[in-house]
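Trainee: For reference, the structure I am asking about is given below.
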């Protein structure tokens with residue numbers, strides 16, 4: 001491309017950059033939660049459904065019969081098998097899933113009652129921070145508090161100087 005042709009696109013880029021900077025001056029980001037809420041690794045894990053229990057039993061059999069199937073194809077075959085299974089044959093998986101769900105509900109209630117009164121109210125479980133991170137954050141907060149106190153003292157001194 002010649003310098004003349006390049007110049008045309010460079011001018012367009014400059015104009016677009018100027019427009020972008022103008023728009024960004026007035027841009028206000030939307031309010032709301034932007035940080036991801038982390039799950040507590042110590043929280044009880046959700047129990048598998050009846051279908052997942054069925055899959056864990058039949059997946060090795062299908063892989064043995066059809067070793068060349070991809071993961072997705074195995075999942076499709078398991079889904080077809082589950083849908084074609086009679087309700088009576090699904091019963092043991094559903095009973096086991098119900099027992100696991102009851103156990104999970106007891107565990108999660110105990111977990112929330114143990115040391116998470118806020119999380120139990122909100123229904124949100126956040127990951128606990130490591131001691132080191134907590135200490136670092138506390139140190140940072142202490143430093144910020146000290147800086148704010150110093151700034152306030154400086155402002156008070158300036159006001160006193162102005163009054164005199």
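Backbone N, Cα and C atoms are what each Cβ position is placed from, and that goes for glycine too.
Reproduced below are the annotations present in TrEMBL:
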type     : residues : note
DNA_BIND : 1-28     : DNA-binding region
DNA_BIND : 44-112   : DNA-binding region
COMPBIAS : 32-43    : compositional bias 'Basic and acidic residues'
COMPBIAS : 110-128  : compositional bias 'Basic and acidic residues'
COMPBIAS : 136-164  : compositional bias 'Acidic residues'
DOMAIN   : 1-28     : domain 'HMG box'
DOMAIN   : 44-112   : domain 'HMG box'
REGION   : 20-44    : region 'Disordered'
REGION   : 110-164  : region 'Disordered'
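Have a look at these and tell me how they're positioned relative to everything else.
Mentor: Each residue in the DNA-binding region (1-28) has a pLDDT score, and their mean in this model is 92.
Across the compositional bias 'Basic and acidic residues' (32-43), the DSSP tally of helix, strand and coil residues reads 0 helix, 0 strand, 12 coil.
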